[in-house]
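Lifted from TrEMBL, the feature list:
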- A:His138: active site, proton acceptor (ACT_SITE)
- A:Asp131, A:Glu204, A:Glu206, A:Asp238: Ca(2+) binding site (BINDING)
- A:Asp238, A:Lys258, A:Thr262: Mg(2+) binding site (BINDING)
- A:18-123: domain 'Fumarylacetoacetase N-terminal' (DOMAIN)
- A:133-416: domain 'Fumarylacetoacetase-like C-terminal' (DOMAIN)
Number of protein chains: 2
Amino acid sequence: MALKSFITVHPDSHFPIQNLPYGAFKTQHSTALPRLAVAIGDYVLDLSELAKAGLFNGPLLTGSDCFLQHSLNKFLAMGRPAWKEARETLQMLLSSTEPALRDNTELRHKALVPMSKVEMVLPMEIGDYTDFFSSMHHAKNCGTIFVGPQTPISPNWFHLPIAYHGRASSIVISGTDIIRPRGQGHPTGNSPPYFGPSLKLDFELEMAAVVGPGNELGKAIDVNEAADHIFGVVLMNDWSARDIQGWEYVPLGPFLGKSFGTTISPWIVTLDALEPFACDAPKQDPPPLPYLAEKISKNYDIALEVQIKPSGQKDSSVVTRSNLKNLYWTLTQQLAHHTINGCNLRPGDLLGTGTISGPEPNSLGCLLELTWNGQKALSLKGTSRKYLEDGDEVIFTGCCKGDGYNVGFGTCAGKVVPPRD
Amino acid sequence: MALKSFITVHPDSHFPIQNLPYGAFKTQHSTALPRLAVAIGDYVLDLSELAKAGLFNGPLLTGSDCFLQHSLNKFLAMGRPAWKEARETLQMLLSSTEPALRDNTELRHKALVPMSKVEMVLPMEIGDYTDFFSSMHHAKNCGTIFVGPQTPISPNWFHLPIAYHGRASSIVISGTDIIRPRGQGHPTGNSPPYFGPSLKLDFELEMAAVVGPGNELGKAIDVNEAADHIFGVVLMNDWSARDIQGWEYVPLGPFLGKSFGTTISPWIVTLDALEPFACDAPKQDPPPLPYLAEKISKNYDIALEVQIKPSGQKDSSVVTRSNLKNLYWTLTQQLAHHTINGCNLRPGDLLGTGTISGPEPNSLGCLLELTWNGQKALSLKGTSRKYLEDGDEVIFTGCCKGDGYNVGFGTCAGKVVPPRD
């Protein structure tokens, strides 16, 4: 029999009892510190209230203050046994047959807050943020545009999950305006480089893994144990200024073309909730080196969609549809590779997948690819775009379709605003 | 008359009353949290004891708990007026003519701890670490080795201070062993890539600026105000595995070739202490864009030296001598560039200079350059090196020579140890 909550959840909701993603919220206009929650239907369920009521009574969470913290880091560090225990407790407390929360009016009123009354904030402190480059279609398209069609993908790409360190300070929560960056672009002829607001502002459709316990410096994580170090996944928009990036990135990689803002969705969907949507990862040829060879190599079937809503327009337009399963390198291979040199991961670290492009023209994950670096405009309802304009809101959604229910991510959205003076 | 302390300071000491660099220490084998200190001669001066005794009695620091914290971040956020007030108070308290500390035996015994009895720890929490590439000689040599002698320096280099995001989690304090990383190196012929312990482990002679107040997202810091956001400077060894780096870095820059460990010196020498050693920065041609054009463009005359001490040898050998003044892009230009796109810097962020190579063959800042990527061995006393071997200790020192005194950095040291199983 399917799990069912005493809380009414619309069949289209992203947040049924099968999901229970984690986040952190403030009640609107409140100056209080954030509180931890899971999403259920149109509510956030305040975990601090449940903890104070003593309802986390399993062996690992009894007496723990992990849900009284203002970020998830402590809970993330506790690892999968604690995560599983919390999930079981929450599914039990929310089920239609369990009276402990259902029939406790006072607690229910304290603990269940309508989503419309809260402001979501970053759910964890992010020590380090890494961004991978794991979609072959994206790598091929970028290489064709920037390097040429002969050897678009560099030879290392098929041997290791290429990545770079990103900027942690400028990661913001969905709904935060993105200020168009200023910077240098390529000079023309003998002129000095262009300087001014970026003329090629782009989104990048990504997801990102949130790291659990992590490892100590010098001690690599085995690829077959890597899933125990991934708490869950968020949607991520790795906003990119293509003119700044194109001029600066040789030889040390992306820097100011990315570091002005990176948006993540407020809800972390756990690997446990995603497990029913696991699917085979693509066959890798050449076969990966032993430290990247997985006994079971999994992707997740998560349908992704990007919409753009220009300022003043009533409707947004879908500009691309992709899927996490388009990744060549899996999340667990990314994590294992990250630690093979001894680099330490810490709870709350964020590992971006890189832009998730699929093979079809309407499954490309950024405007650079969709407009082939501005060579052809993308048609929106009543207007068109080569790159983003001020006032454009970019909205990502992600969702797994179950039998009569969804496991979804909500949205990851941000509006482009002009530079400040 | 020269400032003089009631504490006897040897003329060769790096830590006279003119310096007073900041750090954090634990007393050996203590499980207590770190305490903040300045160095004076052979002692650390415990700032928490002075604060508890009410001796920080200027307008900004009276009643502040900034020196009761376990890291410098709160003090860093307070900005230059507070830093100047602290420096004036400490120079007064330590001067030979002031009785408040000199004649208070009990406080003196509590607050002055011999350096030999303490363990230094990281003095700040580092939210983000960025590494620049600001020595022209280093850029030219690396380009010649990796790209070829025709166009060793890419055209963007003279227009902007190139940088990449580094890994914050693996920054360690001087004295921490560096575990040789494992990883992939270039394949030969049709074989799979090399996998194993790095065969080309290198040091990189760098310094790094410690960020003060910083900026909010979207608001750039003017280059002429950038010095107010730099608290001070440390020595830094950006250990590099050249084989891993060479294979992975196209197209997104250095990743696992660097992220296994970065060592900093325990003492942050303040810009105020370095001011007497300021010198003109090199003339820049082409002239920088207006946002990088400084009214006064300063470097600092800091003599740097690298020694290698092989395992079992009694003596170390000096392998290079360089100077911070070899930088083309100044610390303030680096910081202003970092924020021009709106990227937010936070107190405690670390901005590395990149390898500081000078123009002479014996002033090159890493083995890659000194041995021309292992083509010629470097002679040590009784042995030689192309790259680092297990057991090698690499020791950096840095010092400004004043009139009868030094303003020095102590050492930044680490020993290479084999990978763990």
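Just so it is clear, glycine is given a Cβ too, placed from its N, Cα and C backbone atoms.
Computed from a predicted structure; not experimentally measured.
Where TrEMBL records a feature, it is marked here on the structure.
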residue: A:Asp131; record: Ca(2+) binding site; DSSP class: strand
residue: A:His138; record: active site, proton acceptor; DSSP class: helix
residue: A:Glu204; record: Ca(2+) binding site; DSSP class: strand
residue: A:Asp238; record: Ca(2+) binding site; DSSP class: coil
residue: A:Lys258; record: Mg(2+) binding site; DSSP class: coil
Message = Considering Cα atoms only, can you say which of A:His138, A:Lys258, A:Thr262 is the nearest neighbour of A:Asp238 (Ca(2+) binding site) among these recorded positions?
response = A:Thr262
Ask   = CB neighbours of A:Glu204 (Ca(2+) binding site) within 10 A?
value = 26
Message = Going by Cα-Cα distance, which of the binding-site residues (A:Glu204, A:Lys258, A:Thr262) sits nearest to A:His138 (active site, proton acceptor)?
response = A:Glu204
Inquiry  = Around the C-beta of A:Lys258 (Mg(2+) binding site), how many further C-beta atoms are within 10 angstroms, looking at every protein chain?
reply    = 27
Ask   = Relative to the Cβ of A:Thr262 (Mg(2+) binding site), which residues of the same chain, six or more apart in sequence, are found under 8 Å away?
value = A:Tyr129, A:Gly166, A:Arg167, A:Ser170, A:Ile171, A:Val172, A:Met236, A:Asn237, A:Asp238, A:Trp239, A:Gly352
Query = For A:Glu206 (Ca(2+) binding site), what residues in its own chain, 6 or more apart in sequence, show a Cβ-Cβ distance under 8 Å?
reply = A:Asp131, A:Leu235, A:Met236, A:Asn237, A:Asp238, A:Gly352, A:Thr353, A:Gly354, A:Thr355, A:Ile356, A:Gly365
Distance [Cα-Cα, Å, rounded] between A:Glu204 (Ca(2+) binding site) and A:Lys258 (Mg(2+) binding site) = 10
Task = Could you tell me how many residues in the domain 'Fumarylacetoacetase N-terminal' (A:18-123) are helical, how many are strand and how many are coil under DSSP?
result = 44 helix, 24 strand, 38 coil
Ask   = So what pLDDT does the domain 'Fumarylacetoacetase-like C-terminal' (A:133-416) average out to?
value = 97
Ask   = Excluding A:Asp238, A:Lys258, A:Thr262 themselves, which residues in that chain have a Cβ inside 8 Å of the centre of the Cβ atoms defining the Mg(2+) site?
value = A:Asp131, A:Gly166, A:Arg167, A:Ser170, A:Glu204, A:Met236, A:Asn237, A:Trp239, A:Ser240, A:Ser259, A:Gly261, A:Gly352
